[in-house]
Amino acid sequence: MEGIDYHDGERSKAEFDVEEMKIVWAGSREVLEVSDRMGRLVASDEAFRKDNRTMLSRKDLFKNTLRKAAHAWKRIIELRLSEQEASWLRFYIDEPAFTDLHWGMFVPAIKGQGTDEQQQKWLPLAYKMQIIGCYAQTELGHGSNVQGLETTATFDSQSDEFVIHSPTLTSSKWWPGGLGKVSTHAVVYARLITDGQDHGVHGFIVQLRSLEDHLPLPGITIGDIGMKFGNGGYNSMDNGVLRFDHVRIPRDQMLMRVFQVTREGKCVQSNVPRQLVYGTMVFVRQTIVSDASSALSRAVCIATRYSAVRRQFGSQNGGPETQVIDYKTQQSRLFPLLASAYAFRFVGQWLKWLYTDVTQRLQANDFSTLPEAHACTAGLKSLTTSATADGIEECRKLCGGHGYLCSSGLPELFAVYVPACTYEGDNIVLLLQVARFLMKTVSQLGSGKQPVGTTAYMGRVADLMQCCCAVQKAEDWLNPSVILEAFEARSARMSVACAQNLSKFANSEEGFAELSADLVEAAVAHCQLIVVSKFIEKLEEAIPGKGVKRQLEILCNIYALYLLHNYVGDFLSTGCITPKQASLANEQLRSLYAQVCFRTLFYPLSYVIRLLIRNPWLVVRPVQMQLPLLMHLTTLITILVLFSAAMMEMCIQNSTTQHGRILLMSQLYPMATSNTFDQC
């Protein structure tokens, strides 16, 4: 039965240049063209289809992931894709897999913490996939508290080796993706002990499985931790558990770029600044913020399409029922999410610039902006992931009962995305880190030190503590300076109030614990100010295209006033606005909903998702990883063999390949066979 495209009429009502809006969303015309091309490539390749993913068993789902990974490598090599193109290809494949941790954590850890010699040894192997790595930090007993990790790495000066050991049940490594079935190596974080002295947590490269038969090495116990939330989702990822029983590794497998252990067992601080290690953390978290906009945009796209097609009630004289999207209740729930997607996109673009700036400064031994960069990425990671997870769930509700179906794409999108609220830092813990940064900033005001960057407004704290909002009529809330001052005053007053209350405690840590809820709220206020200010700064740029800037101004105002509406208690209790001004803000917000060109604004959000109409198996997952393309011909041959073999449902025990049997097939193919899947 031929379907009807109900959206053609909606697209024709565009009041702005849709193509120019796509470029604004993408960041540049080049990025738009590359992403669109890679999206079509994935959509046209049936090997990447995923329409049956939620119906597969865990075993079949994992085997299917291996096939897709192999086929992806095959296409990358055949088409000689650039790093950017390969990154977009993986973005559209939409399959949580072992490669996410290999490229996203294992390789960056070696690049960021390994010496030049260690990088020369390990990175070529990782780039060619001759070894597959994971990131083993989190333990059963400790996650956010990295300094509480229990795994030990004791130096044996007689053998020039480290002895890796799991002394307790809670010291078991728990959750690393890629660990359960696939990884041959891991960057393991353990407590460094020399001569009985504990030197804190450091990273070590540890081989986990044999490169001959893929079985765990002596002293190493590995398992898969089982099913996760949802039918599909992260169940294609082999999150695992890992224990060590006095496993020995050479001394040079400790990552020693910053901290070194000599042959005699002496600990030496290298001349490389320790702060460089934090550059990787800033990079990962700024990527997560950008991913938040991608995930939320997809949910909003689905909900908006549904709302435009769905009709309920309102029929008069036998005429058509009212489109759901025309109901104010639907608009008041959906449009703020649309605005949030754009807001997160623009703050993500700014964070990308910030990361580049910080990296250049670090290379010049300038660490002045690192604390702010750390606070920004930590806070914005928390803010955007929490809002996105809640937003995806709200979009599911906006689609009524149909949103509960796996075929809507929303349940799996939520299952895949919601872990972002926990990984790379629990969101509440991250906000407490931001709060510490704010308290330090406030404490330095008295010494005459002027804050810079995102806390520059604190330099006007005296004015912000006394200023009065100038809004007299609803339209006044459309003035960017009025909005900005209200958010700055709110953030400054909440931070100062927390600092004043902290000063009443004799023990600062006791006070911090007692006031932690208030401190989290102050951190949220600061982070929301950053997002609002970066949206406003974006509008100060020259934005081409008919009507594009006007629609972005509307969305910016919706985002800011919706936050004011949701957090009106903060604004009122701190005296930033009056109840009358709060009422005027709500009045203006309702007016803005009527001005949103909703029938076309959501298209630039997911300009490739329209391919779903022709290719229903394409679903976009918001994860982008760096993908080096340094591969030898032998690896290509192995990938081709793996791809062919994985498509056969055969069991081949102890499969081997040439070149020392260390290439990709010997590591992955056993995992794609029925018998060995259960044995690993």
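Glycine is treated like the rest: Cβ placed from N, Cα and C.
Keep in mind that TrEMBL annotations are predicted by a computer and have not been checked by a curator.
Values in this document were obtained by computation on a predicted structure and should not be read as measured data.
Copied over from TrEMBL, here are the features:
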{"type": "ACT_SITE", "residues": "E424", "note": "active site, proton acceptor"}
{"type": "BINDING", "residues": "T138, G177", "note": "FAD binding site"}
{"type": "DOMAIN", "residues": "17-132", "note": "domain 'Acyl-coenzyme A oxidase N-terminal'"}
{"type": "DOMAIN", "residues": "134-236", "note": "domain 'Acyl-CoA oxidase/dehydrogenase middle'"}
{"type": "DOMAIN", "residues": "278-439", "note": "domain 'Acyl-CoA oxidase C-alpha1'"}
{"type": "DOMAIN", "residues": "479-596", "note": "domain 'Acyl-CoA oxidase C-terminal'"}
{"type": "TRANSMEM", "residues": "625-648", "note": "transmembrane segment"}
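Positions of TrEMBL features highlighted on the structure.
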residue	record	DSSP (3 states)
T138	FAD binding site	coil
G177	FAD binding site	coil
E424	active site, proton acceptor	coil
Open item on the list: As a test of reading the model: what is the averaged pLDDT for the domain 'Acyl-CoA oxidase C-alpha1' (278-439)?
Closed with: 92
Task: Same chain, 6+ residues apart, C-beta under 8 Å of the C-beta of T138 (FAD binding site), given in sequence order - done: K173, W174, W175, P176
Task: Secondary structure content of the domain 'Acyl-CoA oxidase C-terminal' (479-596), with strand meaning DSSP E or B - done: 94 helix, 0 strand, 24 coil
TODO: State which of the following recorded positions has the fewest other Cβ atoms within 10 Å around its Cβ: G177, E424.
DONE: E424
Task: Cα distance (Å, whole number) from E424 (active site, proton acceptor) to G177 (FAD binding site) - done: 13
Task: Secondary structure content, the domain 'Acyl-coenzyme A oxidase N-terminal' (17-132) (per DSSP, counts of residues) - done: 91 helix, 0 strand, 25 coil
